């Protein structure tokens with residue numbers, strides 16, 4: 001059967017039937033990834049990302065052998081497919097599920113790592129390739145190419161580490177790795193686009209400041225656009241109260257507004273990653289509380305499922321695309337050069353990562369008075385390690401820069417594409433497989449005291465895992481009475497922090513307009529909704 005399927009691949013671009021066959025096989029592979037990923041969940045070396053990648057590699061080898069070297073993949077890679085359809089649900093769900101208190105408590109450190117650190121890493125990689133590539137015969141690259149390579153390989157993929165870390169045992173570390181990963185992706189894409197749009201043939205101090213100003217402009221406006229879209233969705237749902245007639249409308253509106261935020265950012269040439277991430281944070285803080293109970297459950301699982309499928313799709317495809325015969329044919333005459341380029345890039349990634357993680361961690365610790373909030377050396381090693389893996393963002397940016405309509409006719413471009421694939425595969429598989437043992441060694445399981453401070457220790461967390469401990473809705477309807485299990489957290493932190501003043505502003509001005517915690521929709525006749533008027537009469 002597989003022979004007949006693969007035999008149809010050469011005519012994939014011209015035959016609708018062949019496209020359907022390829023899609024069927026790809027969906028079957030996605031199912032296999034999910035099943036095997038579940039079975040290998042407790043494995044010391046494997047995780048779902050590596051499983052999908054290896055299945056993609058195995059499938060690529062099989063197709064390559066059966067098609068006698070004509071093809072290794074089912075679908076043609078498209079950066080539009082990645083940036084428009086696959087990336088938005090992943091980033092939005094990251095913002096929607098984020099532990100907001102931990103994220104904003106460590107916001108300065110996250111921005112140091114995610115924004116400043118990414119620029120440092122990009123600079124070091126760019127300087128390194130400028131020096132090393134000139135000694136290798138790989139083609140003619142200009143300053144813009146070297147800077148673009150720096151931006152491409154500054155984009156991290158911390159999925160493997162996040163799948164291993166326990167955010168209840170190490171909330172600080174998880175928050176830093178998670179937050180930095182999102183900001184890093186956004187920064188890399190913004191820097192890459194800024195480099196692409198600037199004429200770097202006459203680079204001077206004025207142009208450098210202009211480039212920095214453009215970066216800050218994109219960063220700020222993208223964040224504001226995401227927050228504004230989230231607030232609009234909260235206001236509309238709160239005022240019109242769709243759930244009174246249909247929870248389907250609530251769910252549909254939340255999904256469409258989330259996607260609209262990303263597309264608006266692309267329309268205005270902003271950073272869609274930052275926009276949809278902060279839209280997710282705002283919607284989880286306001287909009288999610290304004291919908292009915294059934295809509296809350298549905299949206300939570302829908303966004304998580306879409307994100308999971310998109311991630312699996314990406315790793316599966318990267319595995320298959322790694323064996324694309326057309327890309328490797330261009331560099332087959334000089335395999336040593338391709339290996340040297342890949343090794344140089346991998347070394348620069350490691351050096352560039354270390355160049356900012358340890359110094360910025362030191363600076364961050366200087367500003368922290370509480371010992372529990374400081375980043376110890378073992379945590380710094382984990383943060384450094386989590387950013388060594390490269391994934392789909394690097395692949396997509398490399399395709400954008402070094403291919404034309406999916407083809408790599410220029411030898412230098414082909415070398416960069418194959419080197420990017422090699423770095424992504426090596427870092428994801430090798431570093432990813434070593435992640436569990438490394439974290440087990442550096443971070444032995446914490447005792448119960450750390451989990452007491454986590455957000456999900458009550459049965460209520462089964463239904464509402466998105467919120468932190470001070471964001472749960474009280475069953476009695478009295479939202480001013482503090483919960484008993486939050487007293488410990490209250491006593492162990494300063495009472496006049498930025499978070500304190502934000503809560504004052506939020507409770508006084510934002511929530512009365514946009515809803516949020518405390519706004520409890522009630523659908524007459526629905527026994528599943530919270531706080532019905534009088535359950536005894538039901």
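Each residue, glycine too, has its Cβ placed from N, Cα and C.
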* Same-side membrane placement of residue 16 and residue 284 in Swiss-Prot -> no
* Asked: Of the residues 47, 447, which is given the N-linked glycosylation site tag by Swiss-Prot?
  -> 447
* To do: Out of 240-260, 303-323, let me know the one Swiss-Prot marks transmembrane segment.
  => 303-323
* **Residue numbers, six or more beyond the limits of the transmembrane segment (343-363), whose CB comes under 8 Å of its CB atoms** => 109, 112-113, 116-117, 120-125, 128-129, 132-133, 149, 153-154, 375, 379-380, 383-384, 387-388, 390, 419-420, 423, 426-427
* Counting Cβ neighbours within 10 Å across all chains shown, tell me which of the glycosylation sites 290, 370 comes out on top. => 290
* Determine, to the nearest whole angstrom, how far the Cα atom of residue 290 (N-linked glycosylation site) is from the Cα atom of residue 370 (N-linked glycosylation site). => 36
* Assigned element (helix, strand, coil) containing residue 290 (N-linked glycosylation site), judged by DSSP -> helix
* Per-state residue totals over the topological domain 'Vacuolar' (41-45) - DSSP helix, strand, coil -> 0 helix, 0 strand, 5 coil
* Segment-level pLDDT (mean, integer) for the topological domain 'Vacuolar' (193-216) -> 77
* Just give the helix, strand and coil counts over the topological domain 'Vacuolar' (364-378), going by DSSP. => 8 helix, 0 strand, 7 coil
